[in-house]
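Single-structure report; data block below.
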Amino acid sequence: DSEGGLYVCMNTFLGFGREHIERHYRKTGQCVYLHLKRHLRQKVPGASGGALPKRRNAKLFLDLEISSDLNSDDFEYEDEAKLVIFPDHYEISLPNIEELPALVTIACDALLSAKSPYRKQEPDSWEEELQASKHAKTLVQLDNGVRIPPSGWKCSRCDLRENLWLNLSDGSVLCGKWFFDGSGGNGHAVEHYRDTGYPLAVKLGTITPDGADVYSFDEEEPVLDPHIAKHLAHFGIDMLQMQVTDNGLRDNDIKPRVSEWEVIQEAGVKLKPMYGPGYTGMKNLGNSCYLNAVMQAIFSIPEFQRAYVGNLPRIFDYSPLDPTQDFNTQMAKLGHGLLSGQYSKPPMKSELIEQVMKEEHKPQHNGISARMFKAFISKGHPEFSSNRQQDAQEFFLHLINLVERNPVGSENPSDVFRFLVEERTQCCQSRKVRYTDRVDYIMQLPVAMEAATNKDELIAYELKRREAEAARRPLPELVRAKIPFSACLQAFSEPSNVEDFWSSALQAKSAGVKTSRFASFPEYLVVQIKKFTFGLDWIPKKLDVSIDMPDFLDITHLRARGLQPGEEELPDIAPPIVIPDDPKALDIDESSVMQLAEMGFPLEACRKAVYYTGNLGAEVAFNWIIAHMEEPDFAEPLVIPPFGEVASSGAAALGAVGLDNQPPEEMVAIIISMGFQRNVAIQALKATNNNLERALEWIFSHPDPEEESDPALDTMDMENSANANILAETGSEGPRIKDGPGRYELFGFISHMGTSTMSGHYVCHLRKEGRWVIYNDLRVCASERPPKDLGYIYFYHRIPS
């Protein structure tokens, strides 16, 4: 309720609308509340202004998180604060030093002056928004026939090819200002303005489908040009064909007519906006499209809807004193915003007519701003807490980890994604095998580039592209590799070499191969196309491919079969632990590091994971990452401690046996992150002398471990009660899975535009009510051409048998 303002309990600091405040008083007995109310007025030129209509005022507090238009120059507001004493609703206007005790006055002042969770975010996300230039609407452009090429730019007055600016009046390309560090240019763009008076210029290399960097020489500041697409088109520049470059030269990132930017966002097609429950957009908070896309997909799943939105009253009633720091409260709030339909309403006809008459378009106050959710979910994470673009797959795993750590009720919604992978490792020399199971949430499909069906076209395109780059000519139209989905599925099921394999049969290193199969099929199958890889310069790159993803997927043939007749198991013998005299001499398996880095994790975090798990492989290191993602130094460089510390902590990390045989807490956390109970993890590690790999095998070979009572174990459980609540497993001792048939139907996919996970844009497509819908941040429209072949993450749901 916003017409009645907001009531804040002075004891718990929880905020309530008018319809909930009475219930809170009756339930808790708290009788002192701070009543906040904002009176919004629209400015009228030449007048003092009047209050907005009651209907608009009633929506004020709901709009505080939905729209930023309240800070517009068109409005002004006045805040009113009162102290309200229940049950008589006795009101005391603030400030009132005379009537109130000093302690109450201090508490009120502290609450009124406190920063919101949004403003606590880093300053970079609160930079002053650019204003539209006063010259944009009336800018005169000379009809001089100038056409700007897509590459090969050079200052018309000198030989500089960097920091170039295009004057939007006459099409002159000139260099920018000189900076004190010697960079920049010779200032020819400013000289040209002084000579001609042409006010606006755009920086070449910054033009993207979302806009460009525009500077007003007259206003002496960066500005917005609402008509930038029209002004650029005057010189033959199509914004949909452009993307940011550092040096003004086109490369693979520049988008020709068939670019993924245009195809994925369905540009050039008139899309019908969708409104109502489940069709609510999310505001881009600055490179937060990865979060928007993932959350749209997550809250299209009934289990997540029931867990958070269905339990919303209970979650709100039992939320902690500071709900901004409670995961379930924030999830419920976000889910309600997306699914209620309150923030996705079609515009009134009168508003549309008014916009047409005034020849202007004002965006509707639709969609939600997830600033508080992002602030909480990214807290302490070195990547997600920044304003940089992130990997949607990495964020998905981060979210699942938080869901696991914060159970809501008896049903854990992340169970629908969890499945078991059976890994069969075979020693090539002895032919003996080992079967192990691990927990996973994503099926990662490799891109079988060698199976492209248009190889001749790709070779011809590459030759033309190199010739065009050498001659600084426009690049040829992009030819995208066409990969059959069956080839990717085949590549997933084929054996892979195990680097640095130690054979327990030979008691020595040997060649080994590994194959993966599904020990269980999840209710919802998430498929990631491994498009991102690393170049020779260790810079993440993306494979621009088209894969014919099926609407119906059958992976029944990938069901695990276990130990087969005639197969002989490898002996259950752990490799010897060798601690080098020089700790820096410890090798790190770079192949495992690369496997993890290709999943989107920070490189330094991958190195630490492989190091602290003793080079036991990417799978074990992956579980270490999941257990340590929220640590502040997660992505910091690996620092190897002095030898004395390595001999103790390092040995424990590699599975050495301590004097009291108590498992290292780090290893316990890894097993817990896989979905097992804490007591099972400790029992397994103690039974295998703290050998992580053998402990996992022990768990799966002992489905009903015996209960043991150990005073030391009880003490450890008490000291680590926080870790004990990581997963609220009930019933079975193993990870909870929802096994069933391996037949699925596609219901959604997330697409990425750009050349790496560090840049670009994410869009989500979901199938709802029999048709595809595109979720592009705030824009939610009926999809006309869903680009299913260009997706990055696909969501399938099981077809009932």
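Backbone N, Cα and C define each Cβ position, glycine as well.
Residues within less than 8 Å, Cβ to Cβ, of Cys289 (active site, nucleophile) and separated from it by at least 6 positions along the same chain comprise Gln389, His761, Tyr762, Val763, Asp777. Among the features that TrEMBL reports, active site, nucleophile is placed at Cys289.
The active site, proton acceptor feature in TrEMBL is assigned to His761.
What TrEMBL lists as Zn(2+) binding site is Cys155, Cys158, Cys175, His188. When other Cβ atoms within 10 Å of the Cβ of His188 (Zn(2+) binding site) are tallied across all protein chains shown, the result is 21.
Feature annotation from TrEMBL assigns domain 'UBP-type' to 131-239. Confidence in the domain 'UBP-type' (131-239), given as mean pLDDT, stands at 84.
Taken from TrEMBL, the feature domain 'USP' covers 280-799.
Residues or ranges marked as domain 'UBA' in TrEMBL: 587-628 (among others).
What TrEMBL lists as domain 'UBA' is 662-702 (among others).
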Cβ-centroid neighbours of Zn(2+) site Cys155, Cys158, Cys175, His188, 8 Å, sequence order: Ser156, Arg157, Asp159, Leu160, Leu164, Leu174, Gly185, Asn186, Gly187, Ala189
Recorded positions: Cys155, Cys158, Cys175, His761 - member with fewest neighbouring CB atoms within 10 Å: Cys158
Composition by DSSP (helix, strand, coil) of residues within the domain 'UBA' (587-628): 30 helix, 0 strand, 12 coil
